[in-house]
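Visitor: Here it is, the structure, as structure tokens.
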């Protein structure tokens with residue numbers, strides 16, 4: 001399968017106790033992918049503080065919302081029992097934020113893709129004690145990975161923790177666009193009933209050509225889930241071909257030219273990491289090559305698709321729909337163009353908050369995986385190879401554009 005990192009040896013020993021900074025929903029020093037955690041470990045004891053997204057009443061009443069500042073990935077007692085400081089907060093923007101205040105002496109940073117603490121090269125330069133960054137979830141584009149390589153900071157994520165969750169969300173998004181579900185439900189809420197207004201833009205998925213940009217852990221699972229729908233053809237665009245047996249199992253054909261790929265698809269779904277090579281990948285120029293009336297789904301990263309170009313393509317009728325849960329800025333501003341963008345018939349918008357990979361099932365997996373990564377680090381044990389994005393001074397994956 002594409003995007004699989006290679007193995008590395010044990011991590012460098014460290015001396016406890018340390019300071020963990022969590023930029024998610026609770027006072028822990030780490031930041032994750034969805035509820036966004038930012039954890040820092042510091043060689044000294046200090047006050048507990050965490051940077052995470054606030055879970056509010058929902059987190060108070062539902063303890064399985066582990067990716068929040070309230071429930072703190074469920075690891076506070078475990079860390080504090082070993083004498084480590086666990087800082088959790090949702091404050092991550094600006095020089096006065098908890099994130100920037102505590103990153104200077106943190107040893108471990110935990111973040112999430114859902115409320116990420118953006119670790120820039122400038123912040124890395126100030127983080128003299130930082131040794132390990134953990135993404136509680138999948139996707140570490142909120143970290144300047146090149147700067148991490150140069151500084152000898154390791155970057156790990158909980159690979160596979162939410163791939164099923166996201167793949168299922170992709171399938172839901174495809175169906176709600178193709179079947180024109182959102183306008184139909186809005187009609188019912190308004191108390192109206194005009195079947196023809198909905199049916200004129202509702203189609204079957206059967207017989208359509210569906211393609212994924214990226215055929216890694218998520219993209220491949222999307223292809224698997226498309227099989228029962230009897231699509232005309234399944235396509236994929238990726239820098240590397242699938243193993244022959246894997247491609248045969250889903251009967252998917254690789255198209256090496258991106259413009260040629262999108263020109264053949266009725267539905268395009270984006271399932272690739274964000275890096276220099278995919279930033280703004282779906283732009284005005286590429287959208288010209290999409291089939292007129294096609295649908296686009298993006299649950300990867302918002303910045304892969306140019307928001308203004310997508311909105312314009314919807315308004316012109318070139319795109320019939322756009323759905324996903326990722327935004328170029330998170331939380332998305334109230335006036336973000338993709339909150340209200342519509343197709344020529346007033347539908348075609350399936351956008352939601354970034355939650356596809358943070359179901360309660362996924363949170364249990366990425367919380368457990370985060371604890372395992374930290375436990376391995378503290379006990380100087382080898383990490384699971386598939387979780388390592390940046391080892392000591394080098395990349396251990398090709399998923400972020402390293403070729």
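Counting begins at 1 with the first residue displayed.
Placed from the backbone N, Cα and C atoms, the Cβ positions cover glycine too.
These came from TrEMBL, pasted as-is:
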DOMAIN    79-381  domain 'D-isomer specific 2-hydroxyacid dehydrogenase catalytic'
BINDING   138, 162  substrate binding site
DOMAIN    172-345  domain 'D-isomer specific 2-hydroxyacid dehydrogenase NAD-binding'
BINDING   217, 218, 238, 273, 274, 275, 276, 277, 299, 325, 354, 355, 356, 357  NAD(+) binding site
SITE      301  site 'Important for catalytic activity'
SITE      354  site 'Important for catalytic activity'
Visitor: If you measure residue 276 (NAD(+) binding site) to residue 162 (substrate binding site) at Cα, how many Å is it?
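Guide: Counting only the Cα atoms, the answer is 24 Å.
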Visitor: Summarise the model's confidence over the domain 'D-isomer specific 2-hydroxyacid dehydrogenase catalytic' (79-381) as a mean pLDDT value.
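Guide: Across the residues of the domain 'D-isomer specific 2-hydroxyacid dehydrogenase catalytic' (79-381) the model's pLDDT averages 96 on the 0 to 100 scale.
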Visitor: What's the CA-CA gap between residue 162 (substrate binding site) and residue 356 (NAD(+) binding site) in angstrom, rounded?
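Guide: Here the two Cα atoms are 8 Å apart.
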Visitor: Just name the most isolated of the binding-site residues 238, 276, going by other Cβ atoms within 10 Å of its Cβ.
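Guide: The binding-site residues 238, 276 were compared, and 276 has the fewest Cβ atoms within 10 Å.
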Visitor: About how far apart, in whole Å, are the alpha carbons (Cα) of residue 301 (site 'Important for catalytic activity') and residue 138 (substrate binding site)?
Guide: 11
Visitor: Give the distance between the Cα atoms of residue 138 (substrate binding site) and residue 217 (NAD(+) binding site), rounded to the nearest whole Å.
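Guide: Pair distance, Cα basis, whole Å: 11 Å.
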